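Comments concern the structure below.
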Amino acid sequence: MPFDLDSLKYNEAGLVPAIVQDAGTGAVLMMAYMNREALEKTLATGETWFWSRSRKAFWHKGETSGNVQRVKEVLYDCDRDTLLVKVEQHGAACHEGYYSCFHYRLERDGSVTVVGEKQFDPEQVYGKR
């Protein structure tokens, strides 16, 4: 039975949060936003597409870095307001060069520990920002 993408509960900007998870390990890689068209592109191509709120443009994950995400499964929650995209991650997911965007651990004493190691140098991939 076909799913009506309009039945998802997009926010006032027409976006829905998309949590991206490594399909093999279960690690949470990142969170970004999709609009209806980004979700359509994701389903059609089998790779993740998102909507950049700051640039007001589509972005294909890995387009610049080559670190693409091959979609294995897309799930939505019971409220229909959040997506879970399970992927096979190629390279690092984070634009800071880490495998996961969740590489800052907030300690109980309020300090921050960086977990994981950089897999690439962002300046070499993206240039100076």
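From the backbone N, Cα and C atoms, a Cβ is placed for every residue, glycine too.
Swiss-Prot annotations:
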type: BINDING; residues: Asp77, Asp79, Asp81; note: Mg(2+) binding site
type: BINDING; residues: Cys78, Cys94, Cys101; note: Zn(2+) binding site
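The Cβ of Asp81 (Mg(2+) binding site) has 13 neighbouring Cβ atoms from other residues within 10 Å, across all protein chains displayed.
Counting only residues at least six positions away in the same chain, the Cβ atoms of Leu83, Leu84 sit under 8 Å from the Cβ of Asp77 (Mg(2+) binding site). Ranking the binding-site residues Cys78, Asp79, Cys94, Cys101 by how many Cβ atoms sit within 10 Å of each one's Cβ puts Cys94 at the top. Asp79 (Mg(2+) binding site) sits 25 Å from Cys101 (Zn(2+) binding site), taking the CA atoms of both as reference points. Distance between Cα atoms for Cys101 (Zn(2+) binding site) and Asp81 (Mg(2+) binding site): 22 Å, as a whole number.
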